[in-house]
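Worksheet: the structure to be examined is printed underneath.
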Amino acid sequence: MVSIVLEVTCSLVAWLFLYTCFCYRNKHRSSEWSCRLVTLLHGVIVTCLSGYVALLDGPWPLSHAGSPNTSLQIHVLSLTLGYFIFDLGWCLYFQTEGVLMLFHHTLSICGMIMVLGLGKSATEVNAVVFVSEITNPLLQTRWFLREMGCYHTFLGEVVDFLFVFLFLVLRIGVGALILYAMVTSPDPSWLLKAGGLAMYTVSLGFMLEICRFVRRKMMKKYHSWTSLRSKNAPVKTNGHLRAH
């Protein structure tokens, strides 16, 4: 257990050091710019690592929920735990996030601490990390595109589509399967099952926000299309088309 605490501490120090380097390198940028660079890097690294553990290294989370932690799972969760502690501290200090995101971070930290302490159930928690973090790089890319004035482009449309698609399919769809495997298995702790239900509820809350975003975006496109169509439509005068 001491080695895990040391590993988490090293992870936290590493993310803090990386954030400090980004702040020094990007003095003309805001603190959020540097923090989101750290978040983007963490999202890419942890998505690859957790995806490898869940899909290739195993054990399979849908059939081995509650199984003992492997060394690779411990390393991935320790790395992620250090980041979440850093990010929660940053969000609280700068007061940039709402209650839902703070609750999500708190649940994530408590869940990973519990799994690392119990020595089991890292299989399903690692899978949850994978389906959750896979959309994070897209979310950060969207923010950077907006900051650089490149959001209202074809690339911005692609990023938005991929983010919504992966969120609904993986975080909501596959996340429901992981939750079902966790709840129905006799091995995971009941407290972890309750935490899994709470985490999925938070994901549903995020889904509602995303649905509202999609609705606003579609309505804006529809109004833009109808406005353009009305401008381009020929106008009748005294029963005859106006000459162009």
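Glycine too: its Cβ is placed from the backbone N, Cα and C atoms.
Taken from TrEMBL, the feature domain 'TLC' applies to 28-219. Per TrEMBL, transmembrane segment is recorded for 6-25, 37-54, 74-93, 157-182, 194-214.
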*What stretch of 6-25, 74-93, 194-214 shows the most Cβ pairs under 8 Å to the transmembrane segment (37-54)?*
74-93
*Same chain, outside the transmembrane segment (194-214) by at least 6, Cβ under 8 Å from its Cβ: which residues?*
100, 103-104, 107-108, 110-111, 114, 124, 128, 132, 164, 167-168, 171-172, 175-176, 178-179, 182-183, 188
*Any residues 6+ beyond the ends of the transmembrane segment (6-25) with a Cβ under 8 Å from its own?*
31, 33-35, 37-38, 41-42, 74-75, 78-83, 85-87, 90, 116
_For the transmembrane segment (74-93), give me same-chain residues lying six or more residues beyond its boundaries with a C-beta closer than 8 angstroms to one of its C-beta atoms, as numbers and ranges._
4, 7-16, 19, 35, 38-39, 42, 45-46, 49-50, 53, 101-102, 105-106, 108-109, 112-113, 115-116, 122, 125-126, 129, 133
